[in-house]
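Residues or ranges marked as domain 'APS kinase' by TrEMBL: 112-261.
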Amino acid sequence: MIVRDMQANPLQWKASPGLGVGLEPTSSSPLPSFSQLSLGNLSGGTSVNSLKTRGLFLVKAMEGSRTASLNGHAGNADKNASLLSSVGNSTNIQWHECSLNKNDRQKLLKQKGCVIWITGLSGSGKSTVACALGGGLYRRGKLSYVLDGDNVRHGLNRDLSFKAEDRAENIRRIGEVAKLFADAGVICIASLISPYRRDRDACRAMLPAGDFIEVFMDVPLQVCEARDSKGLYKLARAGKIKGFTGIDDPYEPPLNCEIVLTHEEGVCASPCEMAEEVISYLEDKGFLEA
């Protein structure tokens, strides 16, 4: 292979101790900068797969498995390929570890990251309790963030409907985002109906044991329907909304949740009182300290 600089001085392709392969000038003139290189004839069974001029000049030699770069780094292509993986429809990806980890972030925030997953029927008070919980934590100097089901559907999940398969994807995405918040050391409060146990359990499985705290808003359907702050139950009863949870689509109550917030005999604690119950749990489990 012949490579020439912009002044037409020939450069030769040959072995280089630091790279295995590389470019060297054929005369005493110094090797030009990347932006001064131009590609000439190819010979000797060698091809250039990538020639970039942004400070990193990558070349591949067909006769070997080494990938060389003229900034001084070299690696084994076969070894690197073994580190690649496929996840779902994503192929040739590799997890990149950082030196800064979850424990470091938790020490900085003086708290432990976790996911508080508030589930229940529409009108059960999930969003109200979530906001009260966020406020209670804020007043204690703790960082939290609320992922409200409706709010997330305004952006990230606006492409999803309320069909069963889309509901599952809605919950999966929120679960993945909540996991990232927890990894950042933040107390993430997810508030959404999430009617199916398998979807909630799948989100639980994303996190280390103990870091997923399921909170069940155990409020009877008739109470939720009487509240009907959004008017959705009325529309569902009139047949204008199909697949509405509690009316013509089932809600599966948790079987082994960490916290149950109940409405008993017509008496319901205030949102702040419910939030304090959750905060007490966090304190007991050590989430409010690093």
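Cβ atoms here come from the backbone N, Cα and C positions, even for glycine.
Because the structure is a prediction, the values reported are computed rather than measured.
Mapped onto DSSP helix, strand and coil, the domain 'APS kinase' (112-261) counts 61 helix, 28 strand, 61 coil. If you take every residue in the domain 'APS kinase' (112-261) and average the pLDDT, you get 97.
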